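Now, the feature entries from TrEMBL:
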DOMAIN    12-146  domain 'Resolvase/invertase-type recombinase catalytic'
ACT_SITE  S20  active site, O-(5'-phospho-DNA)-serine intermediate
Amino acid sequence: MNRQPDSDTGRVFIGYARVSTRGQDLDQQRAALGAAGCIRIFEEKASGAKRDRPELARMLDHLRAGDVVTITRLDRLARSTADLLAIAERIKEAGAGLRSLAEPWADTTTPAGRMVLTVFAGMAEFERALIAERTSAGRIAAKARGVRFGPSPALTAEQIAHARQLINEKNKPVTEVARLLGPVGPKLRFWPS
């Protein structure tokens, strides 16, 4: 493959195009990426929500320091902020840049573009922290209301004595005794005879 750098910037532009369904066409993306100077375009016909995108993986493996991944729009590369940040990190680790033709602010080859991506990363981190905080507060409130977490409660000493009496003295089957004990009944099979 020709890896000749762009004569103006000295960078190699690598395109990534994706459509979500087989019926959609890559022609418009292909033309825009070609006009933007991409010397190689990796094309994918798969949902962005799918984790398995072989052409994206091939493109990421293909990257060299100084390359610039070029996309027509951010949603062609990723479906979520977390996904975008993970892909952008892989591109950065390769020493490459990322730019979007439709979103000029999303260009990590410029200081402003790197700043925007850093802000996105900070917002995603903030969102994860808020979710963790809400989850923790919700668990505390649920516990205060008496909601139990974890496995069902173990049998009490009284329940075990009662179950043994029913099984040993009254010859009741274990399954019937378990049914009588309610939600803790299935624990009968775990207590020692």
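Even glycines carry a Cβ here, placed using N, Cα and C.
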Original post:
Reported in the order helix, strand, coil, what are the DSSP residue counts of the domain 'Resolvase/invertase-type recombinase catalytic' (12-146)?
Top reply: 69 helix, 22 strand, 44 coil
**OP:** Determine the Cβ neighbour count for S20 (active site, O-(5'-phospho-DNA)-serine intermediate): the number of other Cβ atoms within 10 Å of its Cβ.
**Re:** 16
